Amino acid sequence: MKVDDDLVRQVIRPRLRGSHKGSYGRVLLVGGLYPYGGAIIMAAIACVNSGAGLVTVATDRENIIALHAHLPEAMAFDLRETERFLDKLRAADVILIGSGLGEEETADWALELVLANIRSNQNLVVDGSALNLLAKKNQSSLPKCHLILTPHQKEWERLSGLAISEQSVSNTQRALEEFQSGTILVAKSHKTAVYQGAEVTHLEVGGPYQATGGMGDTLAGMVAGFLAQFASTDSYKAVIVATWLHSAIADNIAENAYVVLPTRISKAIPSWMKKLSL
């Protein structure tokens, strides 16, 4: 599949006058355990700016003040509140887990809670340290849901067993067959590609100016936001366009910046989406 104006406009469409926040999906983001609180904040900022209707963050209680200082638009609660966690999980259209989650006992507990309770009609975006935790589990026992994986090359090595030097298109497609049918893979690298089954889309955007902390968290937040907001669109197309837009904005910023900060990408998302929807 090629990223062109037609594909972008299939995904990013003008909003209907009679729509409301409930029309644009509910997202639950899980992560930001000490000392990685900033990661989930950046993911949430990207998710809100991408247009998700209602965004809730499950994180360390100590991280909530910082989150609301940067993003009062998001709701937040202590990740360890099990009943609230389950309520928000059941209500979500999209769950993003892994941004700043870490790999300690609480992180694994949170991932297990999500895997045990997610429903088949929900989207699960797995990013960051949750990918490493997932790599230690039996892939055949994963729940039936709409699964989206967003690993960089080393994380994909742990998940797939493919060394970085072996991560060709054909090998990656074969490895993806070990996951449930329909799984979407965003294989992040200097030549990012998005896979689903036999489909693969290579992106011709992005560069080394994106090599900074929080870049992947921001992408994961955008992917979650697009899946929530554009639920009537083919998920594969929505993920492709979110991933493309993330790096297209970075390319534009890099014309006048040596390094592109993830938060600058997030600030630019609404204006870019407005322009692309016309």
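Note that Cβ sites are derived from N, Cα and C of the backbone, with glycine treated the same way.
Quick look at what Swiss-Prot lists:
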BINDING   Ala39, Gly102, His152, Asp217  (6S)-NADPHX binding site
BINDING   Gly216  AMP binding site
DOMAIN    4-276  domain 'YjeF C-terminal'
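Sequence features, as recorded in Swiss-Prot, placed on the structure.
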residue: Ala39; record: (6S)-NADPHX binding site; contacts (Cβ under 8 Å, 6+ apart): Gly31, Gly32, Ser99, Gly100, Gly128, Gly214, Asp217
residue: Gly102; record: (6S)-NADPHX binding site; contacts (Cβ under 8 Å, 6+ apart): Leu33, Tyr34, Tyr36, Ser129
residue: His152; record: (6S)-NADPHX binding site; contacts (Cβ under 8 Å, 6+ apart): Lys188, Ser189, Gly216
Local backbone state of Ala39 ((6S)-NADPHX binding site), from DSSP in three classes: helix
Average pLDDT across the domain 'YjeF C-terminal' (4-276), rounded to a whole number: 97
Among the (6S)-NADPHX-binding set Ala39, Gly102, His152, Asp217, as the record gives it, the longest Cα-Cα distance in Å: 16
Asp217 ((6S)-NADPHX binding site), number of other Cβ atoms within 10 Å: 30
Helix, strand or coil at Gly102 ((6S)-NADPHX binding site) [DSSP, three-state]: coil
